[in-house]
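Reviewing the structure listed below.
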């Protein structure tokens, strides 16, 4: 650490020849101008993102907040302020609440399933076996299929008459069902989501490979069973990775609009062809927005979703204290040391 | 005991593989079936007369190549721009210091939590006001700003590079931009590969943004594919859907398979450390 500083400082001091310091007539090599120049360099690099964030994220976010207090329909020039009316409606409309409930159920089913499934797959492809690189690649492959392609594929597989699933059931002398309508459509969606479990697998795998081998070897020497070794060493050391996936998984599932792609008739009115059991919150947003032109109400719905996500994330971080085990020192100390100048 | 455990592992893996790859198989089989065979009962597991005509028809039922060109234009433009812009910002967050940096980094990280859909409606209204609907400018703008997740990937990678690299360059009189362009960027090829694949796949697969911002002529394959193959009664032509989907999915799979070494390295080295 101290050698870094010793090596760093003197090399930069005698650089009064640098154009920024020279041409603007600041005290050459003075501490202030050096610091300013360093800060300038940071803002030069972070600037494009920062500008983009302000214009393309922060501004639309604020705009959405404003819209949510109005009755805007996007067309009529007469937009009036309606206060909290939209929000009141979100929480009192039984249809909206039902769609939120269905989305919650879908999240509660798919997030644990994909995390457990992805972790098991990661453990499996982390075994010392032949061609494991090939196994990893092929199991990950479905995760790179574009959503529309995956939805079309699953529509073909679960087709009532020409689909492979009912064909397979027929071989077992079981009568097939119309999978793409209520009440079965929900399970098609779960299957579609699980097909991309390779995403969880690959991140868990990276986590598994970070666990020092010596820990497992020491445990084996001490007479631990593989199961003990897994629950006492692997799981605790993997807990930050699992926690990260729980958080991102929930956020992703709550925003899912996959049913729209399965219904695949995404004309403005097409949202109505989504089976009821798959009529998710986001589908309701699209319906309000496209079919009903209720920009104000749809914006309020999205802001409610945003607040729900913030609340869930906050609760998860709260609950995870003690359950998530961080073995490494907080990163910031390390980061500071490695930045230019290390100010 | 050891042998049986190994055998069990292989059996489980092969079972998973069959389960995960069979949808691709069914897509291919359906794409080769003649219309009459689609309705055959019991189901034909393999087309009796495999026919490539579906692919021909899928290309001509609508201007498939035209829409593919739209998708390609958007995806390549966005992925190249966003990869460079994210590396640029990631370098700043990893190796430079300034007052306010911690706060800005906090904002960056929290935008990853932000549901993208929330800005959907205002973004549409904003681009409508700027007369950017039915143009590809939104993707250029999004690309130039970088994407938080990719910025984070690059930052994680750059943070872990040894300090001696840039110290030597500073001694030689290199400026910050040259240090980034000549030393850090060339070293980061696994992250560049990851970023290119991810961002290409996002844009090629994205449904909402093109459906919202582009009209029927300018839209992408993802949107057109969803509605393009129906008969006069509005019923889907499954074999054409399958053929069209095969040609739509293959480029992404091919890109992944070609670049996957770099991709896996990118996730493993910088994803979560």
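Each Cβ is built from the backbone N, Cα and C atoms, and glycine gets one as well.
Here TrEMBL flags A:1-30 as region 'Disordered'.
Under the heading compositional bias 'Low complexity', TrEMBL lists A:18-30.
Here TrEMBL flags A:41-66 (among others) as transmembrane segment.
As annotated by TrEMBL, domain 'ABC transmembrane type-1' applies to A:100-316.
Annotated transmembrane segment per TrEMBL: A:104-125 (among others), in sequence order. Listed by sequence, the residues of this chain that lie at least six past the ends of the transmembrane segment (A:104-125) yet keep a Cβ under 8 A from its Cβ atoms are 132, 135-136, 139, 186, 189-190, 193-194, 196-205, 207-208, 230, 234, 238, 242, 245-246, 249-250, 253-254, 256, 280.
Taking Cβ pairs closer than 8 Å, the transmembrane segment (A:137-158) reaches residues 121, 125, 164-166, 179-180, 188, 191-192, 195-199, 201-202, 258, 261-262, 264 in its own chain, all 6 or more past its ends. Residues or ranges marked as transmembrane segment by TrEMBL: A:137-158 (among others).
Taking Cβ pairs closer than 8 Å, the transmembrane segment (A:187-208) reaches residues 106, 109-110, 113-115, 117-119, 121-123, 125-126, 136, 139-143, 145, 150-151, 154, 158, 179-180, 234, 237-238, 240-242, 244-245, 249, 253, 256, 258-259, 262, 278 in its own chain, all 6 or more past its ends. Annotated transmembrane segment per TrEMBL: A:187-208 (among others), in sequence order.
What TrEMBL lists as transmembrane segment is A:241-264 (among others).
Summarising the annotation, TrEMBL assigns transmembrane segment to A:295-317 (among others).
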